[in-house]
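Pulled from TrEMBL, these are the features on record:
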| type | residues | note |
| --- | --- | --- |
| DOMAIN | B:23-68 | domain 'PAS' |
| DOMAIN | B:96-148 | domain 'PAC' |
| DOMAIN | B:155-384 | domain 'Sigma-54 factor interaction' |
| REGION | B:1-26 | region 'Disordered' |
């Protein structure tokens, strides 16, 4: 499977919408079988997804990502694991080992959501291949860490309005 | 402030350098009381202090922000190579009020303005930087409420119908489904198709437009699907079709209601199975181009008359966009005129400043059977006569004054008033089945006044008499 890691100065890029450098890691059973560097052009954030679609990327492990871009990624069958922060190599290692979940790798302000996520299909200790198999397209957005909580909050906001 | 102290201790424990928030207690109290978010960073770009407003705006607790790289806390579109704080620390000059957005934990883009400053110790040595940010969500919401979202891509409108369309256009663009665009000629069907393409992840791939009504059937078939060498006399080498050229992008099929039943069958197969055979080919080719079709004809009526295949109609009628005629969104005329004036000023290097109130009033009375295209052509025509200043009545064609030949050529407010009156009377008569009494009542005038106005404006009495319609 192929996983894309947008990065900046050798850490996961803080914002995918404006990221330029992507490391695409091809893996098989948790072992790296290939790496590709992709440079994205500036432009409309959704256009940044097209090179990932062309490379047949399965998952995107990234920092902050706007919901509009995330939904488009889901449309194109890419599983999004958002709001991840940390050293690029460490994150790649943890991802391949199926140990990426946990507060230590979450961006500030996203930690409490990890606890609530346990009600959703958990990413914790799940190998990337298993995650891919678990995620039906319609569930992909929800399964990404903030899914259910965000959806509830959005619904609450709509009700308020 | 106990919390800040414990956070500082935590930051030190996390291995960061001594924080830059060596501010006296009074300064901290001020920072805590203001409504702008403020944070400071040390020389390693780790957050050293984070005020109450910053917590509220970002939704990030101070204890989680302190000691973390500032780019992972703020998550702004400016973070990275265009970091304003880095520019300030490099140049020594503060940045005031740079606009951007940050992404909160829900994935929402929150508009902010950012200001930056260098932090120095008592000896003048740079110990870090300070960034102030202001939440512009409310300002942005108010601005949008006042202005409406008048532009999406190249589309311009403030009409409620178009606003609803603007709201769903990004979602339609994101979907790979076939789109059917309906609307009278000149309503901007191709522009909508282009905007859908520009907003979609396919925007870097080709947008190919084909006018199906402009080509004979056989030519259209080879144009759409291409042909192989030797397929017919003169086919010396392979030629790619428009579907192949639009690979990964969008193909726009205009005047879809004009294609023949034979071609409808072939098109149905492309839409259903995503494959087609170029003329003379023995193998099928696949396509992943997104299909947007448009027509100004009533497809349901064509289906009933067996002129358009029902199965093809249902296949293209997945997402349907109906564009209103310009006469149903006249509130957009001033906006569109401004846009066309801007465009022609740029193209023709002229300095036309706008349009006079009288001329604009006249445009508002016209029915615009040719819709936006007609309006654009009219502004272009006015540019020939008007090189600077405002477009006036004298720059508009005489046919815009259909009911008042006596005043043709006179450019004054009275002319416009007469035209508006004539238009209102004509509309009222038509709406009331030419019953003059009912029309007068609708206009709020006496029947005698109506007759007097008709005479004064030079409008002949309608041949049809609506008195006996009931």
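Cβ atoms are placed via backbone N, Cα and C, with glycine included.
Per DSSP, the domain 'PAS' (B:23-68) is made up of 20 helix, 10 strand, 16 coil. Assigned with DSSP, the residues of the domain 'PAC' (B:96-148) fall into helix, strand and coil as follows: 11 helix, 30 strand, 12 coil. Mean pLDDT for the domain 'Sigma-54 factor interaction' (B:155-384) in this predicted model: 89.
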